[in-house]
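Here's what TrEMBL has on this protein:
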{"type": "DOMAIN", "residues": "41-183", "note": "domain 'Lipocalin/cytosolic fatty-acid binding'"}
{"type": "SIGNAL", "residues": "1-26", "note": "signal peptide"}
Amino acid sequence: MGALCTLWLGLVLLGVLGALQTSAQAQVSLQPNFQQDKFLGRWFTSGLASNSSWFREKKNVLSMCMSVVAPTADGGLNLTSTFLRKDQCETRTLLLRPAGTPGCYSYTSPHWGSTHDVWVVATNYEEYALLYTAGSKGLGQDFHMATLYSRTQTPKAEIKEKFSTFAKTQGFTEDAIVFLPQTGEGGAANLMGRD
């Protein structure tokens, strides 16, 4: 009888631990029938939400950046982002490697060296895309970010609301959600001229 109780307790604990481990992933769904070829092209980072301390410190000075998504030979994506930093255009490229299901990718953080997973949660390809990123920043610090990409620099109000709702379902509070302003005078033209 004692062995059965021990076995039952062990199975319950494994179930609880398994549920805890997958609860974050269970909240994130992928865009059904994701079509990578329609996702390619120019996007503007219009909204962000993050649990990062860096983000909380800098969110008031961040501005919209332009990203270009291009295919790689291995089925992944190059995400090249151009942004203004100290009145200079800077460009950074991330290699998003396919991670199984279409719409799911991973990349190695250039800063932390850790692997981050990226899910394309929702997109209509022509106006907006909602992405969710999760990983760690070293020393066991979890990193989570929701991103709103839009095809224009002025996403519709209903798209912004969709992003806010999505971010809140991922546990972000209202003060962790930011809609990025367009870059300063001449900045948007500079960004758009670099694609």
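The backbone N, Cα and C atoms fix where each Cβ goes, and this holds for glycine too.
Annotations in TrEMBL come from automatic prediction, not curation.
Note on the domain 'Lipocalin/cytosolic fatty-acid binding' (41-183): DSSP counts are 22 helix, 72 strand, 49 coil. Mean pLDDT across the domain 'Lipocalin/cytosolic fatty-acid binding' (41-183) comes to 90 in this model.
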